[in-house]
């Protein structure tokens, strides 16, 4: 499949250095079904251009009003749409975002509408009132909001097979997605020998790391259940980092190091793990190779 790790994270990741503005206009470039825009911002406790401390989110195809529009006021999200006029077909949901909060928001477009998540959790699904408009050009953030960063991504589904030239000591793999159920991450050598896997068992609230190395006629089987508290939840966004250290692979799940020490099964090939496989009930936003500092 080639260097898929360098392409699946199809994202423009942008850091915002300026101070608060009354309006942020984010170009999306043919943003359509299957695409996601995610941003981190702060709900300002004072108005920038209105008497009320609210912030608005608009997805627009024509650079003016939003075919999808929502307003957040003290933790309550109110959604509507524009089709030459406001449709006044309101839906409401609880975002939980209060004045002064720093928050994450993710909006995904699918065939029938918009999936909205705040702080990694599903918030609401708003049905598209204008189904003929499914290509969007801009995301507008207005009023009492300070934008820190954003990224544009395309969601993809397991199974994923990826290969890369090498995983040098100090470098790592970053995986961002949403667990729908059990899933696994497998690492193989250049000749496709499976050397390590991590299995996430959602219903058991358990993660199992295992090594299976074929050494001639003998297959070594070593498994370990980490003692680290289980921090994954169904339908909740997660981040997993696999870091290659000289003595072992380290796994970080939502920032916590898995407490299950396993030395490299094949030390001589520890920097040549070329194949990554992700399978099971998981939707993926980003899988990328990172160089350690």
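Using N, Cα and C of the backbone, Cβ positions are placed for all residues, glycine too.
What TrEMBL records for this protein:
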DOMAIN    23-151  domain 'Galectin'
DOMAIN    159-290  domain 'Galectin'
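Across the range of the domain 'Galectin' (159-290), the DSSP-based residue counts are 3 helix, 80 strand, 49 coil. Applying DSSP to the domain 'Galectin' (23-151) sorts its residues as follows: 0 helix, 77 strand, 52 coil.
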